[in-house]
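Data first, discussion second: the structure below is written as structure tokens.
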Amino acid sequence: MAASSWRGAVLLRTVSGLWQAGPDAAREWMTRLPSLLGFQQRCVSCVAGPAFSGPRLASASRPNGQNSALDCFLGLSQPDNSLPFRVPAVSVHRDEQDLLLVHRPDMPENPRVLRVVLLGAPNAGKSTLSNQLLGRKVFPVSKKVHTTRSQALGVITEKETQVILLDTPGLISPAKQKRHHLELSLLEDPWKSMESADLVVVLVDVSDKWTRNQLSPQVLRCLTQFSQVPSILVMNKVDCLKQKSVLLELTAALTEGVVNGKKLKTKQALRSRPDTHCPSPAAQGPNPQPVRDPQQMGWPHFQEIFMLSALSQEDVKTLKQYLLAQARPGPWEFHSEVLTSQTPEEICANMIREKLLEYLPEEVPYNVQQKTVVWDEGPSGELVIEQKLLVSKESHMKILIGPKGYLIAQIAQEVGRDLMNIFLCEVQLRLSVKLLK
């Protein structure tokens, strides 16, 4: 069949299928037909295991007129939400994704850019926050530590501004990396990211009462070594706190009582305003021989403090607008259609791994090897993926398959939904479990 006829047939089929999943999903897909490189997404709904209800596409927007809880805290006016922000999809074809990554950026006349590093302890919520800021789930998320195994890159492009998010693994010590035989990338990637950062977002999970009262030694060491890089503090998961007054105490502890170069009084801890910046010692230039006080628990050089719940997206949009406002004049690094630097195969493998971490107990998910054996286009234009999950113990195999194959089918179904929202295409995902010999 000729390419034009084939694409026309698939277009009719897929738009019809997507409309069943929801008119919003269909409209979003239709807006992506014209593309800079002449590529067209060739599929639209997702089939993975049993039938499922239509997905809800992630969105960074909120209803017009909805006030932010941080208005008084940060003094930020509400952005104009009259025009919806369109989030790019990721191509299902690796060569198309690679070509787009190296394509000349379609910059406006006065481009602005900002490279942001998300820093924090393992499982602080960095990937969840990155997904919410991007408006589409492209990074794996789970409650288990070390879900992010290496640095991942996401791109926000709005109007003249491009913000590049570097989602790094949680900072760990060399001793922990060696003791648990973790990949070297878990140790090195956060430090490498800091070398090109324009802004550091330090994320603290305030729902963890064991760690919330101080920054981890690894985070403090990183901030000290790169003290010339501006930083802000994001206190995450505040919705989990029953007593909001605890936030005042945590603010004082994590900032050592200083924000934006000014000492805070208890009643002033939640009144930092972005229009009253004062240069902090950290902004004066790099410290050639950074020395960290071993008794130090917080960082006194944060420019701003944000309190939010990344999971419910409460006030995430306010943080996003702040990041866009911090961008500096400079050339874009990517075309506006780039959402992430990950290949489609990497995204798929990460999403499957996310579900393994979520549903499998203890050490089981960490001992599963993944091998993609099929990544092809089906007869109707759908994306067909087949991945083998290799385990070394028969007991692990039984756990992964589940009673009557229910668990492996559920994983395939849920991953399929995620992949549809990422690729905006029909996906047939087949998972099989094999015992290593």
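Positions of Cβ are set from backbone N, Cα and C atoms, glycine also.
Residues or ranges marked as transit peptide in Swiss-Prot (evidence: sequence analysis): 1-43.
If you look up Swiss-Prot, you'll see 120-127 marked as region 'G1'.
Reduced to three states, the DSSP call for Val238 (GTP binding site) is helix. Swiss-Prot lists 120-127, 167-171, 236-239 with the feature GTP binding site, giving similarity to another entry as the kind of evidence.
Look at Swiss-Prot and you will find 146-150 tagged as region 'G2', backed by sequence analysis.
The region 'G3' annotation in Swiss-Prot covers 167-170 and rests on sequence analysis.
Computed over the region 'G4' (236-239), the whole-number mean pLDDT of the model equals 86. Swiss-Prot lists 236-239 with the feature region 'G4', giving sequence analysis as the kind of evidence.
What Swiss-Prot lists as region 'Disordered' is 264-296.
The domain 'KH type-2' annotation in Swiss-Prot covers 360-437. Mapped onto DSSP classes, the domain 'KH type-2' (360-437) shows 33 helix, 27 strand, 18 coil.
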Greatest C-beta neighbour count within 10 angstroms, which of the binding-site residues Gly120, Asn123, Lys126: Lys126
